[in-house]
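K.L.:
Here it is: the structure, laid out below.
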Amino acid sequence: MGKEKTHINIVVIGHVDSGKSTTTGHLIYKLGGIDKRVIERFEKEAAEMNKRSFKYAWVLDKLKAERERGITIDIALWKFETTKYYCTVIDAPGHRDFIKNMITGTSQADCAVLIIDSTTGGFEAGISKDGQTREHALLAFTLGVKQMICCCNKMDATTPKYSKARYEEIVKEVSSYLKKVGYNPDKVPFVPISGFEGDNMIERSTNLDWYKGPTLLEALDQINEPKRPSDKPLRLPLQDVYKIGGIGTVPVGRVETGVIKPGMVVTFGPTGLTTEVKSVEMHHESLLEALPGDNVGFNVKNVAVKDLKRGFVASNSKDDPAKEAANFTSQVIIMNHPGQIGNGYAPVLDCHTSHIAVKFAELVTKIDRRSGKELEALPKFLKNGDAGIVKMIPTKPMVVETFATYPPLGRFAVRDMRQTVAVGVIKGVEKKDPTGAKVTKAAIKKK
């Protein structure tokens with residue numbers, strides 16, 4: 001056994017019919033951990049249902065259906081391996097909550113793979129004002145996904161097939177858009193592929209012999225290795241809290257920064273509840289320490305399940321413990337709000353795993369979203385396309401941090417009317433000190 005490969009997380013984005021599922025399914029199918037028996041079962045069902053286009057999207061549809069029905073799928077199904085990396089696809093696109101998950105979830109995407117439908121009409125629909133291609137790319141950039149790979153998909157269905165001219169037209173247009181968003185298009189590989197036929201996915205395609213760049217697999221291998229923030233203080237937003245017979249209370253979540261280990265005394269924000277960590281587990285194995293990116297369950301002593309909730313944040317009681325935010329100042333970009341947003345607006349904020357209404361207490365300035373320069377002080381309102389600095393007050397206790405210190409806890413989506421109306425990053429937080437927070441016996445002993 002050589003050195004274990006680095007794990008990286010990938011978010012697949014693009015317009016609704018661009019072929020995200022087929023492309024992702026194809027990678028997982030060819031390079032992934034899907035059990036051959038499962039594939040055979042899917043193939044048989046596909047044949048019975050006469051789904052010629054089965055191949056790969058079907059695999060993903062099955063996985064998604066099982067996931068949505070709450071059947072926990074072995075998450076290995078969403079993994080695949082390149083020469084250099086273990087890759088996890090952190091969201092299956094086309095999912096209702098995709099945008100929300102992107103915001104709460106992309107915190108840990110190391111690279112976005114943007115899938116473009118290269119067919120006549122398909123590309124134009126995706127990149128149009130209403131298309132999702134733009135929104136997804138903007139979101140990915142705002143939320144700190146610095147690396148991108150662009151796949152010009154469905155090259156087998158361009159006119160003429162595998163058209164170099166069409167590819168070049170798309171590269172030109174998408175590059176200019178990505179540049180506006182903030183990416184450097186010279187650093188973004190544009191790979192012409194067919195997710196269905198498999199051209200340039202893994203092996204080079206003779207159909208595209210005019211293209212000299214990397215295949216999708218090679219482009220994934222060229223991703224810069226991410227630096228994991230294990231030297232920062234612990235921040236672990238809770239996704240769920242379970243009561244497990246014979247063990248007790250087990251909060252579950254992903255370590256975003258720092259490390260968590262047995263024997264550590266943790267403080268949960270926003271309440272300040274403090275207790276000792278008895279054990280830490282990942283995939284049913286005990287760990288001596290968990291690092292950023294690890295999804296773990298950990299057992300805490302003398303704590304009732306009702307004292308912890310999704311959205312609470314575990315932190316090291318001795319190293320910058322998490323606290324409730326009294327208010328915070330954010331830079332927001334209004335993405336799709338039908339009217340105008342003024343002081344007093346109270347939408348829901350999705351930040352890490354919390355989902356809480358906040359009040360836009362004061363619009364401080366309106367700024368140019370490209371340069372960050374101030375355009376207007378104390379504007380009356382912000383509308384679509386505007387960016388501004390806003391002071392916000394949570395309506396319930398919540399933990400947020402500045403984007404500069406703890407990026408995953410410093411970015412958010414503003415949701416209203418069942419859609420993402422804005423995204424933002426947090427510039428400053430005024431914190432409250434907890435009063436009368438419970439400190440368990442186990443924690444006192446450790447002091």
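Backbone N, Cα and C define each Cβ position, glycine as well.
Got these off Swiss-Prot a minute ago, pasting:
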type: DOMAIN; residues: 5-230; note: domain 'tr-type G'
type: BINDING; residues: 14-21, 91-95, 153-156; note: GTP binding site
type: REGION; residues: 14-21; note: region 'G1'
type: MOD_RES; residues: K55; note: N6,N6-dimethyllysine
type: REGION; residues: 70-74; note: region 'G2'
type: MOD_RES; residues: K79; note: N6,N6,N6-trimethyllysine
type: REGION; residues: 91-94; note: region 'G3'
type: REGION; residues: 153-156; note: region 'G4'
type: MOD_RES; residues: K187; note: N6,N6,N6-trimethyllysine
type: MOD_RES; residues: K261; note: N6-methyllysine
type: MOD_RES; residues: E289; note: 5-glutamyl glycerylphosphorylethanolamine
type: MOD_RES; residues: K306; note: N6,N6,N6-trimethyllysine
type: MOD_RES; residues: E362; note: 5-glutamyl glycerylphosphorylethanolamine
type: MOD_RES; residues: K396; note: N6,N6,N6-trimethyllysine
K.L.:
Taking residues 6+ outside the region 'G4' (153-156), which of them lie with a CB under 8 Å of any CB in it?
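P.N.:
Sequence-remote neighbours of the region 'G4' (153-156) are 18-19, 23, 115-119, 122, 162-163, 167, 192-197, 199-200, 207-208.
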K.L.:
On the 0 to 100 pLDDT scale, where does the region 'G4' (153-156) sit on average?
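P.N.:
In the predicted model, the region 'G4' (153-156) has a mean pLDDT of 94.
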K.L.:
Determine, using Cα-Cα distances only, which of these recorded positions is closest to K261 (N6-methyllysine): G14, M155, K396.
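P.N.:
Its closest listed neighbour, by Cα, is K396.
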K.L.:
Can you count the other CB atoms that lie within 10 A of the CB of the residue listed as 'N6-methyllysine'?
P.N.:
16
K.L.:
Within a 10 Å radius around the Cβ, which one of these recorded positions has the most neighbouring Cβ atoms: K20, K79, K187, K306, K396?
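P.N.:
The residue with the most neighbouring Cβ atoms within 10 Å is K20.
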K.L.:
Could you give the Cα-Cα distance between K396 (N6,N6,N6-trimethyllysine) and D17 (GTP binding site), in whole Å?
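P.N.:
One finds 39 Å between the Cα atoms of these residues.
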K.L.:
How many helix, strand and coil residues does the region 'G1' (14-21) contain under DSSP?
P.N.:
2 helix, 1 strand, 5 coil
K.L.:
By the DSSP assignment reduced to helix, strand and coil, which category contains K79 (N6,N6,N6-trimethyllysine)?
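P.N.:
In three-state terms, K79 (N6,N6,N6-trimethyllysine) counts as strand.
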K.L.:
Going by DSSP assignments with H, G and I as helix and E and B as strand, what are the residue counts for the region 'G4' (153-156)?
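P.N.:
With helix first, then strand, then coil, the region 'G4' (153-156) has 2 helix, 1 strand, 1 coil.
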K.L.:
What are the non-local neighbours of D17 (GTP binding site), defined as same-chain residues 6+ apart in sequence with CB under 8 A from its CB?
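P.N.:
Listed in sequence order, they are D117, G122, A125.
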